[in-house]
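J.: Encoded as structure tokens, here's the structure I'll be asking about.
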Amino acid sequence: MDNLTKVREYLKSYSRLDQAVGEIDEIEAQRDEKSNYELFQEDGVEEHTKPSYFQAADDSDTESEPEIEDNQGLYVPDPEAEQVEGFIQGPLDDYADEEVDVVFTSDWKQPELKSDEHGKTLRLTLPEGLSGEQKSQWLSTIKAVVQSAKYWNLAECTFEASREGVIMEERQMTPDVYKVTPVMNTHPSQSEAVSDVWSLSKTSMTFQPKKASLQPLTISLDELFSSRGEFISVGGNGRMSHKEAILLGLRYKKLYNQARVKYSL
């Protein structure tokens, strides 16, 4: 440690220090650079042969041949060229990069039904990523479903998904059958003869109670519908039987479940 300090002090007082440093730099610039392999040889390290990867590099420097390309522009290696040890030629990528559109959509929002002093409000969120035409088609579909409620009861429809879309079918309600004493208040022959069931709108139909304490239920189409147009708007048609039209009216007025419990419909 003392010797190093003495050297530093001596160099500070050495008047020709800059000249000596310049001479050293000049000598260093003129010195031949040697590879690590040559330095090992000078130090006496025994090296019999160069590794194969050095030999392959030397060959590539001395003999550079152009790459052979086939008609498709794919690189074909020269079979006579010496292969580097440990390297395995794998298949080259022979496909072109393709641009793939990636769309990140937001989370789907369920329909929201809210009620306030002004009534009920149903909010449907538009699906993400629709074009202008697809948006118009989606809105038209929702509008068509809403308007179809004029002609049938959507709550009574079956819902089935298919490859083409959705299939909704009217569910036929089968009335309960009970052993009761029939009351002949209508003439079957007359019902079958009419071409439009609405012609029997003023004709009453009677349903017997399930309990003796109740009075029979007597009702007509006029009591259930204000007009033939209203009857048609909820799914009625002239080919219905008188009883089917009455049951449709009970469902429309939301009286069917109450009547089914108390009377033999």
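Including glycine, each Cβ sits where the backbone N, Cα and C put it.
Pulled the feature table from Swiss-Prot, pasting it below:
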- TYR14: phosphotyrosine (MOD_RES)
- 49-105: region 'Interaction with the L polymerase' (REGION)
- 58-70: compositional bias 'Acidic residues' (COMPBIAS)
- SER60: phosphoserine (MOD_RES)
- THR62: phosphothreonine (MOD_RES)
- SER64: phosphoserine (MOD_RES)
- TRP138: site 'Involved in oligomerization' (SITE)
- THR141: site 'Involved in oligomerization' (SITE)
- 171-193: region 'Hinge' (REGION)
- SER226: phosphoserine (MOD_RES)
- SER227: phosphoserine (MOD_RES)
- SER233: phosphoserine (MOD_RES)
- 245-265: region 'Interaction with the Nucleoprotein-RNA and template-binding' (REGION)
J.: Could you tell me which of these modified residues, SER227, SER233, has the greatest number of Cβ atoms within 10 Å of its own Cβ?
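T.: Sorting the candidates by Cβ neighbours within 10 Å, the top entry is SER233.
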J.: For the recorded positions listed here (THR141, SER226), which one has the lowest count of neighbouring CB atoms within 10 Å of its own CB?
T.: SER226
J.: To which of the recorded positions TYR14, TRP138 does the lowest count of other Cβ atoms within 10 Å belong?
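T.: Counting other Cβ atoms within 10 Å of each of the recorded positions TYR14, TRP138, the minimum falls on TYR14.
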J.: Nearest to THR141 (site 'Involved in oligomerization') by Cα distance: which of the modified residues TYR14, SER226, SER227, SER233 is it?
T.: SER233
J.: Run through the region 'Interaction with the Nucleoprotein-RNA and template-binding' (245-265) and tell me, per DSSP, how many residues are helix, strand and coil.
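T.: The region 'Interaction with the Nucleoprotein-RNA and template-binding' (245-265) comes out at 15 helix, 1 strand, 5 coil.
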J.: Just to verify a number: CA distance, TRP138 (site 'Involved in oligomerization') to the residue listed as 'phosphotyrosine', in angstrom, no decimals.
T.: 93
